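Peer 1: Found this in TrEMBL, in case it helps:
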- 27-49: transmembrane segment (TRANSMEM)
- 42-293: domain 'G-protein coupled receptors family 1 profile' (DOMAIN)
- 61-88: transmembrane segment (TRANSMEM)
- 94-121: transmembrane segment (TRANSMEM)
- 142-165: transmembrane segment (TRANSMEM)
- 197-222: transmembrane segment (TRANSMEM)
- 243-266: transmembrane segment (TRANSMEM)
- 272-295: transmembrane segment (TRANSMEM)
Amino acid sequence: MPFSNSSELSPSFILASLPGLEAAQSWMAIPLCSAYVLAVLGNGAVLLVVRAEPSLHAPMYFFLCMLAAIDLALATATVPRILCFYWFGSREISFAACLLQMFLIHTLSAVESTVLLAMAVDRYVAICHPLRHAAILTNGATAKIGLLAVARGVLFFLPLPLLLLPLPFCGSRVLSHSFCLHQDVMNLACANTTPSVVYGLTAILLVMGLDAVLICLSYLLILKAVLRLAAWRERLKVFSTCIAHICVVLAFYVPLIGLSVVHRFGKDLAPLVHIIMGNIYILVPAVLNPIIYGVRTKQIQRRILSLI
């Protein structure tokens with residue numbers, strides 16, 4: 001029976017609540033809200049600083065601005081809705097809103113993965129081919145990479161909600177997170193989900209999986225070039241320019257892998273673990289990225305201090 005033609009199959013889902021802590025959810029929302037405010041202020045400050053500081057108008061910092069904008073969009077697509085649930089008890093989310101939120105989360109994650117790969121290539125060119133860096137990574141090329149990242153994310157992850165659209169949901173509609181993810185919603189369908197499973201896994205492997213492999217390859221080539229330098233001080237100085245990006249890559253991929261492992265092997269885990277891992281996946285990169293680059297980049301430090 002089509003989803004839209006059944007009165008029994010209400011087109012809505014129930015967001016997961018904190019098990020055993022329902023009475024304290026309004027208090028539990030305060031740290032979540034604080035992390036969201038910190039993410040908005042930090043990423044907003046990065047965008048303002050790079051725009052206002054001419055010395056930062058370079059590909060590496062334009063990629064950082066893209067990262068900040070993605071983190072802002074990803075956090076805003078999820079956290080305000082979670083806070084409405086925790087503070088006002090609005091657990092129900094419509095089918096259309098859930099599919100839109102799911103599409104935004106997966107697409108923005110794919111765009112962020114692509115931007116991280118572009119930043120790794122930027123570091124590789126800057127270290128291994130410094131004389132060609134300005135010619136290869138121009139401002140125009142940086143803008144094209146950003147547009148390509150968005151197009152790649154949309155093209156790969158637009159089919160996910162389209163594959164779920166005709167499925168019936170006739171059993172439990174309670175999600176395991178406080179927001180909508182493809183695998184979570186798909187598991188609630190009472191129909192054959194093989195096409196959705198295969199495509200979802202393929203999209204993740206071809207985007208996040210391939211990006212992770214290429215990022216590792218970039219750093220192997222960087223490490224090979226650094227080890228050719230004679231002095232240890234020179235090696236450390238050159239490789240230190242990559243520390244911030246490595247930290248940002250770990251802040252993105254570690255929660256992503258952790259959430260995937262919980263979905264795949266954590267069926268017997270407490271529901272609270274799923275909720276916490278989901279919130280970490282959404283907020284940790286958004287909070288840590290501006291802090292990492294703020295600590296590692298003196299120009300950003302000085303500009304932020306002058307703004308304060």
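Just so you know, glycine gets a Cβ as well, placed from its N, Cα and C.
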Peer 1: Does the transmembrane segment (94-121) come near the transmembrane segment (27-49), with 3+ Cβ pairs under 8 Å (pairs 6 or more apart)?
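Peer 2: Contact between the transmembrane segment (94-121) and the transmembrane segment (27-49): absent.
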Peer 1: Report, as numbers and ranges, every residue of the chain located at least six residues beyond the transmembrane segment (243-266) whose Cβ falls under 8 Å of a Cβ in that stretch; write 'none' if there are none.
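Peer 2: Non-local partners: 67, 109, 112-113, 116, 119-120, 123, 181, 183-184, 204, 208, 212, 215, 219, 273-274, 277-278, 280-281, 284-285, 288-289, 292-293, 295-297.
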Peer 1: In the same chain, which residue numbers or ranges, 6 or more beyond the ends of the transmembrane segment (61-88), come under 8 angstroms Cβ to Cβ?
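Peer 2: For the transmembrane segment (61-88), the far contacts come to 15, 17, 25-26, 28-29, 32-33, 36, 39-40, 43-44, 46-47, 50-51, 101, 104-105, 108-109, 111-112, 115-116, 118-119, 122, 139, 142-143, 145-146, 149, 178-179, 248, 279, 282-283, 285-286, 289-290, 293.
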Peer 1: Can you give the mean pLDDT for the domain 'G-protein coupled receptors family 1 profile' (42-293), rounded to a whole number?
Peer 2: 90
